[in-house]
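Undergrad: Got a structure for you, written out below as structure tokens; questions coming shortly.
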Amino acid sequence: MQNMVILGATGSIGASTLSVISANPFAYSVYGLVANASVDKMLALCVAHKPKVAHMVDEAAAKQLRAVLPATLNIQVTTGMNDLLGLVTAAEVDTVMAAIVGAAGLVPTLEAVKAGKRVLLANKEALVMSGELFIEATKRSGAVLLPVDSEHNAIFQCLPQEVQANLGRCDLAASGISHILLTGSGGPFLRSDLATLAAMTPAQACKHPNWSMGPKISVDSATMMNKGLEFIEARWLFNTQAEQLKVVIHPQSVIHSMVQYRDGSVIAQMGNPDMRTPIAHCMAYPQRIHSGVEPLDFFKVGQLSFYEPDFERFPCLALAMEACAQGQEATTVLNAANEIAVEAFLQGQIGFTQIAKVNEACLVTVPKRPMGSIEDILALDAQTRVYARETLASIA
């Protein structure tokens, strides 16, 4: 029986994880649930899954949850960073699902790694912001790191065992691998006239053709910044050089990514677009469990198509690839700027195409300095957010 803590329990990844746990009740136990401020959702999850600990990032939300949670459930409600870090490093905890969206997930995810936990990584920003520090912490602690993102999980499944066992430190060329092919659907605006993009609304941007996701990730998919962040994440997970990584537009989201070998072979991971599949794979690795996802019906798939990315349509993807080439400081800046820009777009403060403008302004202007600690990373993140907000004020 694995005791699990779910960071981001009330989000889409959290819901999918709990669904897989419910389908395999004799193998997994919910030890802790972590959410920001969604009291009603957390209450329902506590009643359904009966964790030992329910942690609310928002103090007022924690107080509300304590007031409405039935005492008979005997669930400890906590709040504050110290309690959160104590939860993810607790001796009773075996596995941590890291699914808090954005920079907010970095510190607890890194602490779980330092504690040597089995970490299921759905928070891509942890590697985007602190790739080298994160990988080094994994190496020192002996933590097991498994990628949950559908693309990185697909790549992982297509790799030989010696690479799987050495994430972040592997040598792809030595294992006969020539390229990693990172697929992306192109989002809801793949076929839209370029002239119409500036007027696209948050509701339109969040209407993904294949996947069900939260608002921030949905907008990132529409700009293809999501693929850009995944490009950066893949660089750290698989220790790649720039020339070993390629982005492929694949609108059907049937092939979740591919690995090309020196001999000309290409191994692809396929399946219906449902996050329960990669989640179940990570939870059970190296075994397999039931995910609740219907297997792919090849007779209904139809045509599979592939295209090169259009950087005029997707400038955020180009910015992410450029930042990846520049290094860790640039990717930290880009991630912080993008979080501010996307939130502003969702609130109606800026237009869709202005997201890329904010990101580019920050990437060009914010001073980059060497980062040797988590404190350095968080300081650069905070500085970038200040500049991004100033940029918003100038273009709004």
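Cβ atoms here come from the backbone N, Cα and C positions, even for glycine.
These came from Swiss-Prot, pasted as-is:
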{"type": "BINDING", "residues": "THR10, GLY11, SER12, ILE13, ASN123, GLU125, GLY214", "note": "NADPH binding site"}
{"type": "BINDING", "residues": "LYS124, SER150, GLU151, SER185, HIS208, SER221, ASN226, LYS227, GLU230", "note": "1-deoxy-D-xylulose 5-phosphate binding site"}
{"type": "BINDING", "residues": "ASP149, GLU151, GLU230", "note": "Mn(2+) binding site"}
Undergrad: Identify all same-chain residues not among ASP149, GLU151, GLU230 whose C-beta atom falls within 8 angstroms of the centroid of the Mn(2+) site's C-beta atoms; report them in sequence order.
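TA: Residues close to the Mn(2+) site, other than ASP149, GLU151, GLU230: LYS124, PRO147, SER150, HIS152, ASN153, LEU182, ASN226, LYS227, GLU233, ALA234, SER257.
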Undergrad: Using a 10 angstroms cut-off on Cβ to Cβ distances, just flag whichever of GLY11, GLY214 is the loneliest among these binding-site residues.
TA: GLY214
Undergrad: If you count Cβ atoms within 10 Å of each one, which of the binding-site residues GLU125, ASP149, GLU151, GLU230 comes out on top?
TA: GLU230
Undergrad: Round to the nearest Å and give the CA-to-CA distance linking THR10 (NADPH binding site) with ASP149 (Mn(2+) binding site).
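TA: Given the Cα positions, THR10 (NADPH binding site) is 17 Å from ASP149 (Mn(2+) binding site).
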Undergrad: Rounded to an integer, what is the Cα-Cα distance in Å between SER12 (NADPH binding site) and ASP149 (Mn(2+) binding site)?
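TA: Distance between the two Cα atoms comes out at 12 Å.
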Undergrad: From the Cα of ILE13 (NADPH binding site) across to the Cα of LYS124 (1-deoxy-D-xylulose 5-phosphate binding site), what is the distance in angstrom?
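TA: About 13 Å separates the two Cα atoms.
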Undergrad: Rounded to the nearest angstrom, how far is the Cα of ASN123 (NADPH binding site) from the Cα of ASN226 (1-deoxy-D-xylulose 5-phosphate binding site)?
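TA: Distance (Cα to Cα, whole Å): 12 Å.
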Undergrad: Filter the binding-site residues ASP149, HIS208, GLU230 down to the ones within 10 angstroms of GLU125 (NADPH binding site), Cα to Cα, kept in sequence order.
TA: GLU230
Undergrad: If you measure GLY214 (NADPH binding site) to GLU230 (1-deoxy-D-xylulose 5-phosphate binding site) at Cα, how many Å is it?
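TA: Each residue's Cα considered, GLY214 (NADPH binding site) and GLU230 (1-deoxy-D-xylulose 5-phosphate binding site) end up 16 Å apart.
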Undergrad: Need this for a regression test: binding-site residues GLY11, ILE13, ASP149, filtered to those with Cα within 10 Å of GLU230 (1-deoxy-D-xylulose 5-phosphate binding site). What's left?
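TA: The binding-site residues close to GLU230 (1-deoxy-D-xylulose 5-phosphate binding site) (Cα within 10 Å), listed in sequence order, are ASP149.
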